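Q: The structure is given below, and queries will be raised subsequently.
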Amino acid sequence: MPVTVTRTTVTTTMSSSSGLGSPTIVGSPRALTQPLGLLRLLQLVSTCVAFSLVASVGAWTGSMGNWSMFTWCFCFSVTLIILIVELGGLQARFPLSWRNFPITYACYAALFCLSASIIYPTTYVQFLSHGRSRDHAIAATAFSCIACVAYATEVAWTRARPGEITGYMATVPGLLKVLETFVACVIFAFISSPYLYQHQPALEWCVAVYSICFILAAVAILLNLGDCTNVLPISFPSFLSGLALLSVLLYATALVLWPLYQFDEKYGGQPRRSRDVNCGDRHTFYVCTWDRRLAVAILTAINLLAYVADLVYSARLVFVRV
C-alpha cells in the first residue's frame, strides 16, 4: 500500500524520489555517482573489508564470532544485490516491493552491524593476545562501525518526510517494526537455554509474549514487502493499530513478570550477580546466566518503549488507497 506523508497523514503510492531531494538514476552506471549510490558503495566496501580481515587470520570463534561473520557477509551480499538491481534497472522485476525493501534492509543492516560492532570486540577481541590477529580484529571492528553509520545514514536520508510520497516501511511506525523484530530476535538469543524460564509459568508467559509480538510484527513487515496488505480480513490501518495496542499490553505484563521472577528471591529469583557461580570467572565467547536475565529485562523495556511509540505514531496516520 503506497503512501504520501504529511504532518499527520499517510497515503500509499510509488515514489520517484530517492529520499535525497533528487530523482534516482536507474539502469545506468550513473546510479553509483549519486549520493545514495556512493553511500551504498561505502557499505559494500566496509562490510567486505570487515569479513575479509577476520577471515584472513581466522579471527572468529564461537556463536558470537559466527554471528559477526554472518552479519558482515549477509550485509555485503544483500547490498551487492541492491546495487545490481539499481544498475540494471530491474526494480519492476524484483520479487519484493522496491519502495519498501531497500529502507527495510538498511534499517536491519544498521542494527546488525551495530550488534556486531559491540559483540565482536567485547566477547572476542579483548581476549586476543597482541599480534596480527588482534590487529585484524580491531580493524574489522572499525570497518563494522563505518558500515553501521553508513546504513543508518541511508535510513535517515530515505525515511518518509512531510509531503513526500513513500512506502509504509519508510515511515516511523514501519521503521519501529524493524526495531521491534530485531530486539525480539536478540531476546530469543539470550533465552535460547530453556532452563531460564521453564521452571515458572509466569516466565513461560513472557516467552509467549515475545513470540506472539514478534510474529505479528513480522507479518506486518512481510505484508508490506510483498504488497499484500489487501489480503487481511480487516483494513491494514486497523490491523496496525490493534497490533500496536495488543503488543503494548502484552509487553507491559512481561516487563513486570520477567524481572520479578528472575531477580526477586520470594519468587525464586537471584537478586545478586555475585551469587551466580557462572559469572565469577571471565569467559571468552560466553554470557553468564545472570547477565542473560538482566539483558532480557533491559531489552523488554526497550521493546515496550518501541511499541508505545509505534502506537502513538500509528494513531496519527491516515492511509488513503490510490
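Along the chain as shown, residues are numbered 1 onward.
Yeah, the Cβs are placed from backbone N, Cα and C, and that goes for glycine too.
TrEMBL entries are annotated by machine, without manual review.
Feature list, courtesy of TrEMBL:
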type: COMPBIAS; residues: 1-18; note: compositional bias 'Low complexity'
type: REGION; residues: 1-22; note: region 'Disordered'
type: DOMAIN; residues: 31-163; note: domain 'MARVEL'
type: TRANSMEM; residues: 38-61; note: transmembrane segment
type: TRANSMEM; residues: 67-90; note: transmembrane segment
type: TRANSMEM; residues: 102-125; note: transmembrane segment
type: TRANSMEM; residues: 137-157; note: transmembrane segment
type: DOMAIN; residues: 168-319; note: domain 'MARVEL'
type: TRANSMEM; residues: 178-196; note: transmembrane segment
type: TRANSMEM; residues: 202-226; note: transmembrane segment
type: TRANSMEM; residues: 238-261; note: transmembrane segment
type: TRANSMEM; residues: 294-313; note: transmembrane segment
Q: Please determine whether the transmembrane segment (294-313) and the transmembrane segment (67-90) are in contact (criterion: at least three Cβ-Cβ distances under 8 Å, sequence separation 6 or more).
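A: With fewer than 3 qualifying Cβ pairs, these stretches do not touch.
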Q: So, do the transmembrane segment (178-196) and the transmembrane segment (102-125) meet, by the test of 3 or more Cβ pairs under 8 Å (sequence gap 6 or more)?
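A: When sequence-distant Cβ pairs are counted, the transmembrane segment (102-125) touches the transmembrane segment (178-196), since at least 3 lie under 8 Å.
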Q: What residues elsewhere in the chain lie close to the transmembrane segment (38-61), defined as a C-beta under 8 angstroms and at least 6 residues from its ends?
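A: 32, 68-69, 72-73, 75-76, 79-80, 82-83, 109, 113, 120, 124, 128, 132-134, 136-137, 139-141, 143-144, 146-147, 150-151, 153-154, 157, 284-285.
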